[in-house]
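Down below is the structure, laid out as structure tokens.
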């Protein structure tokens, strides 16, 4: 019964220990040109700098791979987390061992240990600086649509008047140095002709900015479009998209983000900032061998970078870390938590020292009021949550339908035209309404604001607030007052803006320009919240004798804060679209800096998530991941169907049999034919085809490279040479031609499950261990194989979706 | 070659589907008395209420287990996470399926979905209320050591004088209704005799409280001692300690915690509050079938409860959640994150509405200053971090050595005496020094405080602050001033208090009373920080012409805040002892409510962790877990040794062979003998002893219960009856006596790894999937088994520790 099949047992070797890689190690250098350029590009293979590093100091050769290309991945493929982590552990082990031998090695080991922290510092500094630059540039270019500064065209409106001496405190925005386009062209600032000129210039600039953005993206970095978060989620889960986080993407995304935001389109810079931070991280990783060479370690850094992105986008370092943990990351060890936090803080402080908004804050819409709220107000807050949930579900469905239409119709062939068209419509419709004309974050800032005594904006136009004498006003304090005519106009405009924003955002998100949806979503919610808040306020004023109001709203008291409603609405809508929970509440908490409003925010976020989940399980990012067919194994949702591994594995009962290699009975030609005939990314190795008893697993890529290498550099290898996956020498009879020994590329510890294993457990294993594939055995005999793609297809099928929507391995 | 050995293949059954449990399902009721009482006690088995629930409504029988006791665990054993999660998924699936059939079932399914949230709400309310009660009671009893209120003995000092009309704002603490013991006994409040009486009464009360605490703990709930966090960590990792989170523990821990804190011992209530919250959670779990019956689900709730504990201890809900995530939890899905946050918030708001400190804050030591800090101050902050690291390492070593001494010497036999002795020493030494006489949190509160104009305490005694006229003082503002004589005395006393606290805390933590070490650690750090801060302040005043000070410390400016130094020191020392990182910074951030001090705190926490890690890898909780020999698989540290599964598995080369069951060839007697002869907690089932090809795994406990059940209730079962793990009927020849069919208790999907799998991957699998055991195969043949205990022993051995220190399975 005991068929050992020529496989000799040895006691001590692991996945990639050096001493076992010797058999083909005599050739290392001239193979590098055979590696496809893509690999060299993406830092897994060897760049030039890498080679230099690799060949000069003695220290580096402890990480020497034998055949270049082995252990790397192809584009649009999934990495093997277990292997990557093993590689890193091997590396660490060898550094530790060497560090006992010499002082230089000890120093190297210490610098290696601290390189992670240094990298985090650099990412924080770089991302903070870039975010500050983007803020300043976008501010200037947004103002450029209105007019220009005579003191220097590079000043924005505020800076222009700030440097001028002729402004008063009351009218900070008006100064002779700042000329609107109307003033420059027709000489007047008021009247119909001025309006027409301003309108025209506004539309022209918007079109120019949008055109530049979309052409730059198309010409230099197609990956720079969109928000980038769906792709980053997929990359973090172990997928490879070469160039997605490269330097061109970074440069073009930064420039076009400024252009897109300035063009007045309904989009935000917050999501793309995450992409920008990840690009920074990826580029900086190139300077640290530890991270350049290891896909798993690099993903830890990228997780931290996404925390950095949110940290600078909202000025919320803790919220950013939780966002990364909750929304983006896949593998997030505690070490990364601490480092992310560090990087997020560095970035926030870098941004603060740049001070792009001139208010020592990191965001435009910081909230400064601390008025209390009443328990009964939870009812409108929950109502806002319901609104947010409905809006989220509507937005996701409409946006996905629109994107699908774009993909499947001729619309997709004219991205530039589409962008210009949407920009034209946006600009034409938004200029007449001051609340759509201003930028998204300005609008949110205004809506979050609690009306002070000196506020001159329309939404603060309460009767009695400016007509009465100063004394009157002071005695009234900040009490709730009846609305004035300006407020009614403002409400009407806001209602129009709400409808406009809701529809135009659907068309905007997904176009070929960088576009985030945090700000548009929050704007929708903030408008809805402000409308409801003002409504409640007026209700309380006119009906303060109602039972509900009598207790907390005596006349002359400040009992309802419309700004708080706007904030709650913004949180609810953002929650509905993205399905964030803790991170959302923490981000909003950091915007307000107090625990006061955490209960309203939480009530709204919770309601919104429940409502939105009831209408459709997935958030906008998951929906886009699915739309693109990325192989993303969602960690949040549990697989609850009662299928077994045997139902999912290949070979299917009707399909072709499983392609396996036998450990010693095959020739080079047979193996090569198998490779040519199939497209599988790996093959199980068994003792013999007859017994089907599993020995290990070999990856197609490693096999191809090794065979080519052997054919080229190993003497006497011909088509009939035996391919040996065993460690011991072949029997004497076969010794006529030298055999190709491939024991070193064989993974001797493939993951196996039995055919009776429930799929829920298999899914859990894939998720938690980050597998690429898993072998299925029955009573010790190899039955089949399950790949990540199989799992995803099966999950899609069980959820009544099209299994062929999963495109990649 | 194909030996199927009588095992017939069917296509569709999972671990615990109901239809396969029918073969012994005719007997369910009268078996319950055979289950050991412990099991019934600890909510996994059936309590009486459970039985009632179970037998009356139709809805409940969808979770019917067939033989009671199957699928439960013994005390001091590790749970199987995979099995528990499978059970929960089965349960959920059945509820979902039923919910389509009737409205009642639909309602049940909805209530089931929301029961998690309801449970969180209840935990938050209960823990918040208990924490408030503990705060109030401890406050009152601490004051009782000084004196008593004549208006009613139940008033504490502050409330007593608050209700009195005769107090002025300046001397709120003095009122005729409050009588110190000296005043009551010898009639005077000053002088030697009064001092002696006060001293005597102080010591007496302290001894009384300590005596009560230790006797209550010993008499009713031995598990109530200590901080509880090491055990909770172990429980959350999947260990079972029955009664550790029971109602008696809760009651006794709550009472004795108040007593211990009031006795003036150097301990805090913060750690034990985590234990209290977990007890609440565990008790409340009994009311929800979903959580009562499932060990994995219950642990999710317990993770949330530990967040609640920290939330009420420090008034830091976000910090609490991160503490649970970083420090305590093992399996922390995102759903739990959101629920923890909810529960933590509910608890914080409950506590705030109780308002135990009368300041609308959740803690005594809330920080209210927002003065800026200078970049150069990072040097002293980092110095504090180094101090914290050294203190942490010293404390852990000294405390572990002391606990080991207690364990191994006769000291351990007299816990009451030990407590009384330590209390006596503490009371005798602490009364003369006002900074040790006050409670830990009061001391911290005073040290964190920035000296205002009206502060009359000694540490705010700066020259010129009270001698000058009011005008002078105002013109000086809050500028740094030279120290007055009171400040010098205070510094001396603080230095003495520092030395005292450092040593007495080592002896206190680990005694048989509830004791947390957050407060003592923070107190040590706060004293050190304040000393350094005052030192820096005076240095800057006397040497403001030094280059370093000239830029930021002009005379008359407020440039150094000693309170900030105290805060940074507290964070550093707490970090050194517990090795918390993110959660520590976030807790401190929530105490201050601003981002200003996050960089100093982070610098100190980071330095402290690095220094402490360099001196000893593990925090105090891990050290105590190891001291107690709990089977805790640390998630933070990576296993970096190069061993293989084959080196760790049993049977060892020299040991007895592996005990396996064959799937159809054994009789009841043979199986029973195997059970009697071995102590293993489970047995692999193979096709035949000869082929060693793996079929599944069966747990000892399930096997014992099933065999007993069959012997008792199945007709015709005798010693020679065959035991069948196959599903098909036995061959006719064996049909003379009925066979015992045990297919239903067989786990058909045991986890397997190959013998060549590196141990680092095996450790990872154990950690991530929460396994109890894993089978080792070679080329499809069963070779051995690795249990969690084997893994832990191996890890201990590789770290040059005693492998026999791991006591439990």
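Even glycines carry a Cβ here, placed using N, Cα and C.
What TrEMBL says about a protein is an automatic prediction, not a curated fact.
Per TrEMBL, the range carrying the annotation transmembrane segment out of A:245-267, A:337-359, A:452-474, A:590-612 is A:245-267. The transmembrane segment (A:563-589) and the transmembrane segment (A:301-325) are in contact, since at least 3 Cβ pairs between them lie under 8 Å (pairs 6 or more apart in sequence). The largest share of C-beta pairs under 8 angstroms with the transmembrane segment (A:103-125) comes from A:273-289, of the ranges A:245-267, A:273-289, A:375-400, A:412-431, A:487-511.
Counting Cβ pairs closer than 8 Å and at least 6 residues apart in sequence, the transmembrane segment (A:412-431) and the transmembrane segment (A:273-289) reach fewer than three and form no contact.
If you look at the transmembrane segment (A:199-224), the same-chain residues 6 or more away from its ends with a CB under 8 A from one of its CBs are 141, 144-146, 181-182, 185, 231, 241, 243-244, 246, 248-249, 251-253, 255-256, 259-260, 262-265, 415-416, 419-420, 423-424, 426-428, 431-432, 437, 511-514.
If you look at the transmembrane segment (A:273-289), the same-chain residues 6 or more away from its ends with a CB under 8 A from one of its CBs are 43, 47, 49-50, 53, 60, 63, 115, 118-119, 122-123, 126-127, 130-131, 134, 227-229, 231-232, 245-247, 249-250, 253-254, 257, 298, 301-302, 304-306, 308-310, 312-313, 328, 347, 514, 516. Listed by sequence, the residues of this chain that lie at least six past the ends of the transmembrane segment (A:487-511) yet keep a Cβ under 8 A from its Cβ atoms are 214, 225-227, 265-267, 391, 394-395, 398-399, 402-403, 406, 415, 418-419, 422, 425-426, 429-430, 433-436, 443, 457-462, 517, 520-521, 523-524, 527-528, 530-531, 534, 620, 624. Residues 502, 505-506, 509-510, 521, 524-525, 528-529, 532-533, 536, 548, 552, 560, 565, 568-569, 571-579, 599-600, 603-616, 618-620, 623-624, 627 of the same chain lie 6+ residues outside the transmembrane segment (A:375-400) yet bring a C-beta within less than 8 angstroms of a C-beta in it.
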